[in-house]
Structure formats: C-alpha cells, structure tokens
Amino acid sequence: AEAAESPGDPGTTSSRPLFAGLSDISISQDIPIEGEITIPVRSRIRESDSSTLNESVRNTIMRDLKAVGKKFMHVLYPRKSNTLLRDWDLWGPLILCVTLALMLQRGSVDGEKDGGPQFAEVFVIVWFGAVTITLNSKLLGGNISFFQSLCVLGYCILPLTVAMLVCRLVLLADPGPVNFMVRLFVVIVMFVWSIVASTAFLADSQPPNRKALAVYPVFLFYFVISWMILTFTPQ
C-alpha cells in the first residue's frame, strides 16, 4: 500500500501543478447569468435634484443669487462659520467691488475727465489688496485656499459699501461739522464691522502664533477703503 501523502510535504506540493483540478469545475447551465441593475427611486430623485445640467437659466441665476444673499447675511451677522470657506464664490465680491467703485466715482464737469481713472483706481486697489493679503496668509502657513481668502475679503467689503451709500446720502445735505461727524461715525462703525466679520472667518485658518501678522494687513486693507470713503467729496 502506498503511504498517504502529507499535505505539508514540500516534495509532493512542488510536483503537483498549482491550479490542478480547476479544469474539472464546471458551471451549471441552470444558473442564470443575465439580469439588469436597477437604481433605487430615491437615488434617482437625489441625482435629479443635485444635477444642474437640465435646469433652466432662470433657476440657475436664482440659485446663485440665493447663495450670494446667504453669504451677505453671514457677513451682516458675523459669527464663526465655514460657509464662506466651504461654498466660496467671487460673484459677491465682484458685485460689491463694482458697486463701491461706481459710488466712489466723482462726477466731473470737464468733458475730458469722465471718471474712468477713479473707477479703475478703486477696482485695482480692492483686488490688488485682497490678493496681497491672500498671499501673506498663505506665506504665514494658512490652511485655506487662494480663492477662499479672496471670497472672504471680498464679501466683508459689504459693511463699507453700506457706509459709502449712507455717506452719499448724507452728502446731499449742506456740508459742515455735523455732516462730517455723521460720516466719520458711520465709517468707523462699518470699518470695525468689516474687521470683525473677516477675522471671524479667517482667524481659525491661521497658526495661533501668527494671527496678529495675518490680521494686521487686513486692518490696513479695510482702513484704506474706509479712508477713501471718508474723504470722498462729489464734484
């Protein structure tokens, strides 16, 4: 009688093919291999709701306007939130920048000066300042992206845009000390509001030992815009 081969014997395993016996395995013809993959109804509804390819232009514009309006509310009621950082966009900053530049544009009697340089000056100062602060934040080790920082800085111009609107209305009255004091008070309040709102969104994105270095350029940025608003005098 032949001795039974031990499964642990290396001599027997090396002489036998690795996939020996697989050829004897057969698949029964009775097993169905055809079928269809169905998607649950809830998944289809969720995908159709989240898809924006088939929505109309009107719905797209209204959705974007609602998103911009929600971000405006976050700036008007500043609190620590990542809404501006998570769902960032540049539509709001662009609208605020253009509005502020138009209100700061001086009307000139001289036909050769149509106010173009004033508009370009405000536009360049706002965007160049925002880009500079963003680069400073990244160099200090901030953990937010370039466009997230631009979004926060741009949306936080909203209080200063409101200050510019109030100052334009106050300037319709007779100039004097009272007129200047009212404008000074409004600009200071809105300046502080912009600082508080921007730091509420950007404070946690900076290293703890470098927060002062990150906030100082923000202070200068909004101070320059506030000074332009305060010293504005229509011609």
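Here the Cβ of each residue, glycine as well, is placed from N, Cα and C on the backbone.
For 75-228, the entry in TrEMBL reads domain 'Yip1'.
Annotated transmembrane segment per TrEMBL: 88-107 (among others), in sequence order. When Cβ-Cβ distances below 8 Å are used as the criterion, the transmembrane segment (88-107) is approached by residues 64, 67-68, 71-72, 115, 118-119, 122-123, 126-127, 130, 145, 147-148, 150-155, 157-158, 160-161, 164-165, 168, 225, 228-229, 232-235 of the same chain, each at least six residues removed from its ends.
Taken from TrEMBL, the feature transmembrane segment covers 119-140 (among others).
What TrEMBL records for 152-172 (among others) is transmembrane segment. Within the same chain, residues 71-72, 74-76, 84-85, 88, 90, 92-94, 96-97, 99-100, 103-104, 126, 129-130, 133-134, 179, 182-183, 186-187, 189-191, 193-194, 197-198, 201-202, 218, 221-222, 225-226, 229-230, 232-234 sit at least 6 positions outside the transmembrane segment (152-172) and bring their C-beta atoms closer than 8 Å to a C-beta of that stretch.
TrEMBL lists 184-203 (among others) with the feature transmembrane segment. Listed by sequence, the residues of this chain that lie at least six past the ends of the transmembrane segment (184-203) yet keep a Cβ under 8 A from its Cβ atoms are 75, 78-82, 84-85, 137, 142, 144, 149, 152-153, 156-160, 162-163, 166-167, 170, 211, 214-215, 218-219, 222-223, 226, 229-230.
According to TrEMBL, the transmembrane segment annotation covers 215-233 (among others).
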Chain residues outside the transmembrane segment (119-140) and at least six past its termini with a C-beta under 8 angstroms from it: 93, 97-98, 100-102, 104-105, 146, 149-150, 153-154, 157, 202, 205-207, 210, 213-214, 217-218, 221, 224-225, 228
Close approaches to the transmembrane segment (215-233) from elsewhere in its chain (Cβ under 8 angstroms; 6 or more beyond its ends): 100, 104, 106, 122, 125-126, 129-130, 132-133, 136, 153, 156-157, 160, 163-164, 167, 171, 183-184, 187-188, 190-191, 194-195, 198-199, 202-203
